[in-house]
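Annotated in TrEMBL:
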type: TRANSMEM; residues: 12-41; note: transmembrane segment
type: TRANSMEM; residues: 61-80; note: transmembrane segment
type: TRANSMEM; residues: 92-116; note: transmembrane segment
type: TRANSMEM; residues: 122-141; note: transmembrane segment
type: TRANSMEM; residues: 153-171; note: transmembrane segment
type: TRANSMEM; residues: 211-233; note: transmembrane segment
type: TRANSMEM; residues: 240-262; note: transmembrane segment
type: TRANSMEM; residues: 345-365; note: transmembrane segment
type: TRANSMEM; residues: 386-406; note: transmembrane segment
type: TRANSMEM; residues: 426-446; note: transmembrane segment
type: TRANSMEM; residues: 458-478; note: transmembrane segment
type: TRANSMEM; residues: 490-517; note: transmembrane segment
Amino acid sequence: MLNKPVLVESLIVFVIVLSVHAVVWDRYSWCAVALAIQAFYVQFKWDRLLQAGGAVFQFRAATNSGLLPASMVIPLLGIVMKERCKSAGIVYFERFGIVVASTGMLVALFLSVIAVGITKPVPTNTCILTGVAGSIIIYTMKHSLTVSEVIEVLEVLLIFVYLSMILLYLLPRCFTPGEALLVLGGISFVLNQLIKRSLNVIEGRGDPIDFFLLVAVIGVVLLGLFFTVLFIFMDSGTWVSSLFFHMMTAVLGLGVIMPWLYRLIQRNPLFWLFHFLFQTQTRIYLLVYWTFLAASACGVVFYQNTKRSSESKKHQASTITRKYFHFIVVATYVPGLIYDRQLLYIASVLCLAVFIFLEYIRYFRIKPFGQTLRHLLSLFLDERDSGPLILTHIYLLLGMSLPVWLFPRSCAPKGTLSGAGALVPYSGVLAVGVGDSIASVFGSTMGEIKWPGTKKTFEGTMTSIFAQIIAVALILIFDSSVNLNSSYAWILASVSLVSLLEAYTTQIDNLLLPLYLQIMFMV
């Protein structure tokens, strides 16, 4: 029997795909539509595998695979980036967008083939559909990509295959297949870009903040892999292991990551970072303000933990309490987006590295703070934190930061896009910080009419849309760089579609919603 919420979620994704290609229809549109249709069919094969326990790895339980919504994110991002850069006349990044779209399609197709291959009996109709979609995609790639671009796409696919085998084995129940596609596909692409730029550093393409992101992401991932393998052979909870952890972190940071970054930016990374952070008085004010907000967030964590009593060990933070952090993050990002986006870019990368490093300390029980972090954060766990890692706070940071990191600055005259594209950096703030938070708060407190087959309410969704429209109006008032050029109908449609997706998706909405809203705005 087909799952109605999954059907509605799929319908919303199809509407988004068709809306995008109604504006930018070209040869890649046929590929995207074919990929969406085959992902829809393969998604149900994955769902059956998960329910029967037939998947090769252990995925997050109590949810559907999420293959369709995840499969379309990277290809659509590449297609809209290609169109934006093509209209700006930036050929290098236009080709880069084509590579991103092709890579996303091939990785999604690979995951579909895996599901079809391990399904017994072999689903004949789905195999035919997957073959047709694969033929269309490969034929288009053959006539669109140069030899070097084909090699780059295959490199990313190879990295994705090996990374998936390693991380899905080491981190059971942390991802659904769709979330694994997004997260591991993104890491694979970043790693390939870092290798490519390290080998061609003489070209000088890109600025230091782009290199900073690449090195930081890959650095913390490699750090985690190194310690995961190391602590297979020794107990991570002892003082000796903890001292070794801190010592090796310093050695790898100063001996590998810093020299790597130095090669890319051709200057001392620490001096460059210090000069960048304190370059203007505005940046100093923002840093002081963000420090205050970070202290406030820590205060919320400590206060909520003091409310625990020995009789209520199973007490968990309420939905409204967890949304405090969403509002704190909104208060963090909005001033950065208005006054200094480059500083926000670097600060969010640093924050991501700190979050992942603290998660390593918690996961490996590194002294002296590992056990304390386990106790403090256990209060804020929900059903999505079913694996060994706690990822929801990292997903929240990624959801807010990805629109800032993925904003095509080189293809944006005067640092901003026209029309709805001017709201691209605000996609995370609108979708997660405002929309998701308001939907949860009002839906859980005032909602009575539930969407069929879900726990989400009609009142929560409508309030979410209304709140995001108000937020857009406030952005227009306070950010003089935003000029919507009468694209209000498209903005309303985009916000409404993404809010409906929030109501029906069972994937990590903090990660999925901002990316879809960014895609709609970039069109």
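Cβ atoms are placed via backbone N, Cα and C, with glycine included.
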Of the listed stretches 211-233, 345-365, 386-406, 426-446, the one with the highest count of C-beta pairs below 8 angstroms to the transmembrane segment (61-80) is 386-406
Near the transmembrane segment (122-141), which residues from the same chain, at least 6 beyond its ends, have a CB less than 8 A from one of its CBs?
-> 27-28, 30-31, 34-35, 37-38, 41-42, 45, 102, 105-106, 109, 112-113, 116, 150, 153
Non-local residues, at least 6 beyond the ends, that sit with Cβ under 8 Å of the transmembrane segment (240-262) | 198, 211-212, 215, 219, 222-223, 226-227, 230-231, 234, 268-270, 357, 364, 366-368, 370
Report the listed stretch (12-41, 92-116, 153-171, 345-365, 426-446) having the maximum count of Cβ pairs within less than 8 Å of the transmembrane segment (211-233).
-> 345-365
